[in-house]
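Since the structure comes first, as structure tokens, the remarks are kept for the end.
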Amino acid sequence: MASELTKRTSPSEAARILVVDDEPRLVDALASLLNSCGYDVTEAYGGNQACELADTSHYDLALIDLRMPEVDGFAVMAHFENRQPECGIIVISGESSFTAVSRALRRGALDYIRKPYDPEELIATVKGVVGKQTLLKAHEDVQGRLEKSEALHRYIVNSSPDIVFMLDAHGRFCFINSKIESLLGYKPAELCGKHFRHILDDRDVARGTYALNAPDISADNPRTLEIRLKTRGSRRANRYFEVTAFPIAPQSWTHNSNTQGDGSGHKACYYGTARDVTERKEAEAFINFQAYHDLLTRLPNRALFKDRLELAITHARRAKQKLAVMFLDLDRFKVINDTLGHAMGDRLLQSVTQRLEGCLRKGDTLSRFGGDEFTLLLPSIHGKEDVSQIARKLIKTLKAPFQLDEHQVFIGVSIGIAVYPEAGSNMDQLIQNADIAMYHVKARGKDSYRFFSESMSIDSTHRLDLERDLRMALERSELRVFYQPQVCASTNRIVGLEALVRWQHPERGLLYPRDFLGLAEETKLIGQLSEQVLNQACKDVGHWVRSGHSDLRLAVNLSPIEVEHPRFVETLIERINANDFPPGNLEIEITENVIMNDLEQISQKLRELASLNVRIAIDDFGTGYSSLNYIHRLPIHTLKVDQSFVKAIRNGADDACIVNAIVAMAHGLKLQIIAEGVETIKQLEYLRALGCHQIQGFFYGPAQSAADINNLLMQTRLQNAVSG
Ligand SMILES: Nc1nc2c(ncn2[C@@H]2O[C@H](COP(=O)(O)O[C@H]3[C@@H](O)[C@H](n4cnc5c(=O)[nH]c(N)nc54)O[C@@H]3COP(=O)(O)O)[C@@H](O)[C@H]2O)c(=O)[nH]1
């Protein structure tokens, strides 16, 4: 209540004095004496009135008589003590006993004046007490303001979301706010006197030291840098901070010793704040990772791959080195994804990634290009053999079965390779050409690798024109079927004819499969193309079979896309039946890789065809990936030795060793063997001597039109008739 009373607000205001006595004459005399000295005096006639006034008005000083009826001076003093403790008390009394004086002083009186008083002495005493009171009050005011200010600043500094600190000239903490504890676990007191290195990540010490010592650093030009601070205890759990620091200008901070109040006496030379930006940094890092990586496999994505490839090309150009880009596409991934579900598909992609990574060197970049496509950058290669070796390793590593819960699945990989600078001088060309090469692998039976060559490339406008032309060719029946004889090695008789497609292009003349077959496969026009070829071949060869060449065999090439089609067997049988062609005269040619791609399904289909008397030949034998164990158990009738092995014969017995091995193996498995690409008498004689059953190649003639074959067969019949 007392604090609510109006107080004197400045020392220059007249001090307010209450004069208390039960004798009105004495009160008036004293009041007029004090008034004459400029004090603001209030008169109280007796103890009761004094207490009432103490309840309503504020006084700086009360002059109180001790002996008063009803409420005496001690009671008034007690009331003041209770209501206005800051009011000074002077006792004016006729009592002169030591006990009374001592009691008054003990109750809080500041002085004691004995009646009758000497006016000068009284005024001097009042002046002294009022002066002291005023000083005390001023001191209390300053103290109160200081405490408030200190509390306010402490609150502001400690509730700051940032760490606030001061360092001495040597970089030792001399102040640090309590935020350090909640962010990093240190108590401010334990850090005081310690160098800032104590909490700074070792990797950032040099930068931190350099920033503080920068020549142009000042309060107007502070340094801001991002650094890592160690959390207490675990040195690995660093957090990121954005620190702003500057030297303290001496004129702006004069109370500069013992800043933390711990007696260490360090002089603050730098002021700084540190804002925790860990979450922002982590979010940035995640966004950055997401922008440049595939989240499922955690591999670099297309964007990062292209970036690295661009750099690698620049480096290779400067260092005159080669590099290789591989385009990998998983075989059968789609089937597994569709049948076992996407979660399994995702797991499979992760396992594939692990296996592929296991085959790479430091410095290679494997990326997930999308879906089941991966790209691989091999910088600084010496030659194609290096790359082939890696490609073989990648194919081999993916060949082993993958265990997805209770499912054991098999996949393969088709790899297209573009080598810089031969297969492209820039990033887009290299990727595109590796992709084209990969497509050629797919079209030729998958699970293998091929280097890009110019003949594979069809520029996009050309490609669109060709696609349009091919569609028209199918409508306008521009495809032709040519036949290449397969001749019995011992009798020289034509025992079979391989049907080979040609396209009689209205402007470009006769085109060969290499010019359009890849496109037909990519555009899925291969189905229609095959249908037309098979119908025509069944008509032509069926006619020759019926006209006397009853054992004549028709060999047809099948694209992997056709063989993998679920209705492959039905469609093939429907077509030969529709053309009234005897199934026993048909031999289908498929590559090893087509079989190995989906062993279970394909074996089933081959068994069905074999049960209908259709013969099965493995084309290009020796160039793909097959397991002899499976071949042995499949209903295969013929192995066709690839041309490349036959060509090697001209170089002598050493180079012919593969042909020797294949023929020996075919004999062991009791299979028919056809050597293809035979061009010379030397090759023919070598193969004959080996025991090769049939020969196909330019030696006996290239693929020819039906009319030419018709003539050939007629001649043969005539010869047979003459010799018979
Ligand atoms: N799915 C289909 N694929 C087909 C069809 N027609 C052909 N093809 C595939 O195209 C490949 C290339 O065929 P082609 O250009 O006709 O070449 C064949 C022969 O001309 C060639 N050959 C034969 N003998 C020789 C020789 O002595 N030297 C030499 N340099 N080349 C020769 O080889 C090809 C036949 O090989 P192969 O099939 O392995 O017996 C062709 O390989 C088919 O895959 C089709 O209708 N559908």
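Every residue gets a Cβ built from N, Cα and C, even glycine.
No curator has checked TrEMBL annotations; they are predicted automatically.
What TrEMBL lists as domain 'Response regulatory' is 16-130.
What TrEMBL records for 149-201 is domain 'PAS'.
On the 0 to 100 pLDDT scale, the domain 'GGDEF' (321-454) averages 91 in the predicted structure. Summarising the annotation, TrEMBL assigns domain 'GGDEF' to 321-454.
TrEMBL lists 463-717 with the feature domain 'EAL'.
In sequence order, Val20, Asp21, Asp22, Glu23, Leu26, Gly73, Val91, Ile92, Ser93, Lys115 make up the list of same-chain residues 6 or more apart from Asp65 (4-aspartylphosphate) whose Cβ falls under 8 Å from its Cβ. Under the heading 4-aspartylphosphate, TrEMBL lists Asp65.
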**Item:** Structural state census, the domain 'Response regulatory' (16-130) (DSSP three-state)
**Value:** 55 helix, 26 strand, 34 coil
